[in-house]
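Please read the structure below before turning to the comments.
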Amino acid sequence: MAYWQDQGKAPTACVDTFGCQQNVADGQRIMGMLQTMGFTFTDEPAQADLVLLNTCAVREHAEKRVYGNLGALTHTKKANPAQVICLCGCMAQQPSVAKKVRESYRHVDLVFGPHALWRFPELLYQVYTRRGRVFSIDDEPGTIAEGLPVVRDKGVKAWVSIIYGCNNFCSYCIVPYVRGRERSRDAECILEEVRGLVAEGYKDITLLGQNVNSYGRDLGTGMDFADLLARIDGEVEGDYLIRFMSSHPKDATPKLFDTMARCPHVARQLHLPFQSGNNRVLEAMNRRYTREKYLELVNYAKDVMPGLVLTSDVIIGFPGETEAEAMDTVSLVREVGFDALFTFIYSPRPGTAAAAMPDPATRAEKQVWFDRLLDAQNEISARQHAAYVGSTVRVLVDGESGDERWPLSSRTNGGRLVHLLGSRDLIGSFATARITDANTWALFGEAVE
Ligand code: SAM
Ligand code: SF4
Ligand code: F3S
């Protein structure tokens, strides 16, 4: 801060986050640290004293976008040579990326991975005082920094990370390489954070982890994820909902579903990524469950939680996947009847096991299979949504929809989007909605007394 006082003005930062909610949560902590250092925020890179890209490495497309953005920053830096450019997040943790940035993106001043997040102020201080480039991408296993400041979005939704890293090494996935091994946060710290959020007025809180079902294994306290959910539900009072993502099917248990069913604060929503409906492909992905085990799990969850909203992640075109195997994925989608899916075409990630596997299917073939998957899911989503029409549901009104006819945006307990006709005074509170219309992506309704 003293550095900026010497410059006689308050500095501005532009923070751009890519990737999953965990990265969004990390971005909010980075903004918290910047705010504590005296920065204010802008969305315009050209007006910022500091630009920070918080990146994702999960698919090639995500990385390409970041390189495109980094390239554009040569112009802002040319116009303002004092501008400091930072690259962090999952891409930055990869040695090959750091090498490329060191050699070809010489306008980037600071590169650090998720392991060094908590050291950001110290690293930035080095940049400002030495005016030299700083790279911090060493693995620092086991570090969890509690108590970092956070700049959260205004409104009703908040994210709470409960476990960092991943031990699963699904053969297609870069995450374990860039986020390190699983580290669970102390339960008391999580409870305190959730209690604080509810007291501040947040009403829709999502617990985050690459596999929340692993929560507690490394702590040795005997407490598992279902126990954590039950403690939050029982000990944090107030009118709020708890959601979580993601759950790995190999670790999801009837105990978890029974706990969800009996805890009134826990939303009736389950994001349970299955990735493929074919057992050979699941084995090659190193997912460690079968199609049959997955079906057994979701059937149990649906039995104990009527009205459960189910979503999932799916990959089409894994190396060696045949058309028949891809169609097993489509048939599983039809059999389960998901409310929504996050669908991806396989993207090779250098250094992962799958990147070395033969991949004979063409991109055009994979696109055809992918389109069939989308058609199947769109039909199912439209049908699931149509079934809401005529019903009355409790929703949490979270903002404006931008839609003239239904000006409010809201979510059901299960997380489905409802465009709502009602007073703007409802924003930030729970309301009752009569559903009058639906399409593939959303429900439409009016607020009722
Ligand atoms: N940990 C979560 C899980 O296992 O369900 C999600 C991890 S990842 C951030 C989110 C999704 O991206 C995965 O579920 C998977 O469907 C997709 N994904 C990961 N690696 C991919 C790759 N190489 N190509 C395409 N999709 C990928
Ligand atoms: Fe990636 Fe698998 Fe870990 Fe999810 S569980 S982050 S897909 S390795
Ligand atoms: Fe998330 Fe992308 Fe990293 S999905 S964990 S930001 S690789």
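Glycine residues also receive a Cβ, built from the backbone N, Cα and C atoms like all the rest.
No curator has checked TrEMBL annotations; they are predicted automatically.
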Of the candidates C88, C90, C166, C170, the one that TrEMBL places in the [4Fe-4S] cluster 1 site of C20, C56: C90
Helix, strand and coil counts within the domain 'TRAM' (386-449) (DSSP): 4 helix, 34 strand, 26 coil
Candidates near ligand 2 among the binding-site residues C20, C166, C173, judged by a Cβ under 6 angstroms: C166, C173
Residue among binding-site residues C20, C56, C170, C173 with least C-beta crowding, 10 angstrom cut-off: C20
Residue with minimal Cβ packing [other Cβ atoms within 10 Å] among the binding-site residues C90, C166: C166
Rounded Cα separation (Å) that holds between C170 ([4Fe-4S] cluster 2 binding site) and C56 ([4Fe-4S] cluster 1 binding site): 17
